[in-house]
Amino acid sequence: MLPADWPVLIVDLKDCFFTIPLHPDDRPKFAFTVPTINNAEPAQRYQWRVLPQGMRNSPMLCQWYVARALSGVRKRFPDAHVYHYMDDILVATPTQEELLRLQPQLLNALHSHGLQVAPEKVQQQPPWKYLGVKILERTIRHQEVQFVQSVKTLNDAQKLVGVITWLRPYLGLTTAQLSPLFELLKGDTDLKSPRELTPEARKVLEEVQQAVSACQVYRIEPSIDVTVFITTPDLHPTGVNPRGLKALELWQTDVTQVAEFGRLKYVHVTVDTFSSAMWASAHTGEKARDVIAHWRQAFAVLGIPSAVKTDNGPAYASQQVRQFLQSWGVSHNFGIPHSPTGQAIVERNHGLYSQSEEMSNSSSSISHFLLLALADTRQLQLLLFCLFLGISLAALLGNGLIISAVACGHLLHTPVFFFLLNLALTDLGSICTTVPKAMHNSLWDTRTISYTGCAAQLFSFLFFISAEFYLLTTMSYDRYVSICKPLHYGTLLGSRACAHMAAAAWASAFLNALMQTANAFSLPLCHGNALGQFFCEIPQILKLSCSKSYLRELGLIAVSACLALGCFVFIVFSYVQIFRAVLRIPSEQGRHKAFSTCLPHLAVVSLFLSTVMFAYLKPPSISSPSVDLALSVLYSVVPPALNPLIYSLRNQELKAAVRRQMTGWFQKH
């Protein structure tokens, strides 16, 4: 507690860790030092540019160095209270005069150690704020520590978990206690991939905040004389791509771009994770010849390894690199996924990432999935909720009227309306499978779906989509018989034949959905639980599965694709025969009437196939999360809502039956 009425000075250092000079023994060989353009001595010209392991990653180093800089001030002013935590310094003296004498000596001591003061952050008048504590003239009020909780992407999750991990030993928290937070690191390695704090993670975050609040006061004993060495000890964070970084493996190599280096902006980095020795060299490119030049330097300094691990990018997979490593007797492993847009040199702890890898080795720990959010802002979420509500109500009304009109209208008990009734059932089922969960998530601002709920949604969606495609194929046969073989229509499409064809379509769809769902959810999931879609579908599940474990699922998908191709060919063949038959009709009125009976079915087939094919067969160059989301809405939500309108637009019999039904309903009520 500060004595009452003592004047206070609070100083904040500017870029504290970046200005800490390198130890003389490290200056000649440290990989990430570049000379600045000035006339100073060579030993004073080096600054850190590429691998800033600042206060976030090395708090003890910064704490010791600042304590050493302040040790002389404490000796000269024994009555003063001099506190500091990292780059925040608090000085209190009995009188204002003593504080005025202390201030220039404090600044000189800091400058002599290469530390710069941020003038805009110097606090000389009350109320002061120091380490989350408001200091008024006579009181100190502790503020509650708050971590940023707006975790929306993997980048946000990495920042949050990274900070808490470095506080973990100091706070006495175990890995098991923080496991819900480590779950956020699973899944897609794209830094923009969606993440959301689960209730368990929020509870852990509250516990961490309480622990931090109870341990805010912390400083190193200033009397200890510390010599600062900048090295990379065992298990210290090192600069290699974290997607493949594990503890106690052999050499790993990656590359990043540093714009400050000009032409030599491609910095190749190799780390020996046994000894934590690191070698980096700047080159004009990232091709095979640059990789080989980098390794020649690394071999000369660090020795020849038994194995080296890289990503599977074109440079490392080239024949030149393979021959070079073979000539040196070095085995080559491709253990890091290649990501041209990913950040190669990052700060990660071996143990933290290996814990995340171990926790994601099995899908048995996954209790829920994270769906893709339809919008980022709350206002847009509510707008999409209203839009989806309107679309779903329109689909329910249109398909419901068709079902009731065909079921209750005796004049509509014909093959074409029988198949139309079945098609309306599939439209109702498909829109009721995906839209309600999306509306729920938008309304309540959540993205979770349970493991069993995801499996049920996937099965239902596949079942209704497959049934719709098979029914559309059957309806093309109905149109073919009605135009090309009208005299045999009653024989070929009797009530028994229609029932058999509809039953075959539903049974085939059920079998296909059952096999696809069972096979997809039998795969081990090693890449988290974040789905890049607003509903569960097979491609998103496959992205989470372990490598080489989804080949069986791909085979099953290939069989289904062949079956779908057969149905597509059958539809095309049917309409080729229909067009040939219609063009042989002599009268224009007869051709128009024949075409008008096929137009609704042709429009529905075109809408269904075009949206599905474009969603799954679009070129990768136009693929993006927003485009994928729009296409998924287009093929899963729009067709069920438009199909009733398309079929009733030119069908006078159907419209008359709907009018009779609604008139009778109003008369009864």
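Cβ from N, Cα, C; glycine included.
No curator has checked TrEMBL annotations; they are predicted automatically.
The annotation domain 'Reverse transcriptase' is assigned in TrEMBL to 1-135.
According to TrEMBL, the feature domain 'Integrase catalytic' maps to 238-355.
Annotated transmembrane segment per TrEMBL: 382-409 (among others), in sequence order. Here the transmembrane segment (382-409) has Cβ contacts under 8 Å with residues 374-375, 417-418, 420-421, 424-425, 427-428, 431-432, 435-436, 438-439, 442-443, 637-638, 640-641, 643-645, 647-648, 654, 657-658, 660-662 of the same chain, all six or more residues outside its ends.
Annotation comment: TrEMBL describes 398-647 as domain 'G-protein coupled receptors family 1 profile'.
Tertiary neighbourhood of the transmembrane segment (416-436): same-chain residues 388, 391-392, 395-396, 399-400, 402-403, 406-407, 457, 460-461, 463-465, 467-468, 471-472, 474-475, 478, 482, 498, 502, 505-506, 534-535, 604, 636-637, 639-641, 643-644, 647, 653-654, selected by CB-CB distance under 8 Å and a gap of 6+ residues from either end. Under the heading transmembrane segment, TrEMBL lists 416-436 (among others).
Marked as transmembrane segment by TrEMBL: 448-472 (among others).
The annotation transmembrane segment is assigned in TrEMBL to 493-515 (among others).
Residues or ranges marked as transmembrane segment by TrEMBL: 554-576 (among others).
Within the same chain, residues 423, 468-469, 472, 475-476, 479, 482-483, 539, 568, 571, 575, 578, 628, 631-632, 634-635, 638-639, 642-643, 646-647, 649-651 sit at least 6 positions outside the transmembrane segment (597-617) and bring their C-beta atoms closer than 8 Å to a C-beta of that stretch. The transmembrane segment annotation in TrEMBL covers 597-617 (among others).
Proximity of distant same-chain residues to the transmembrane segment (629-649), defined by a Cβ-Cβ separation under 8 Å and at least 6 residues beyond the stretch ends, is recorded for 372, 374, 388, 391-392, 394-395, 398-399, 401-402, 420, 423-424, 427-428, 430-431, 434-435, 461, 533-535, 537, 600, 603-604, 607-608, 611-612, 614-615, 618, 655, 658. The transmembrane segment annotation in TrEMBL covers 629-649 (among others).
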Near the transmembrane segment (448-472), which residues from the same chain, at least 6 beyond its ends, have a CB less than 8 A from one of its CBs? 196, 198, 366-371, 419, 422-423, 426-427, 429-430, 433-434, 437, 441, 502, 504-506, 508-510, 512-514, 516-517, 520-521, 531, 535-538, 541, 564, 567, 571, 601, 604-605, 608, 636
Within-chain partners of the transmembrane segment (493-515) [C-beta distance under 8 Å, separation at least 6 from its ends]: 415, 418-419, 422, 459-460, 462-464, 466-467, 470-471, 473-474, 477-478, 481, 556, 560, 563
As a test of reading the model: what is the averaged pLDDT for the domain 'Reverse transcriptase' (1-135)? 69
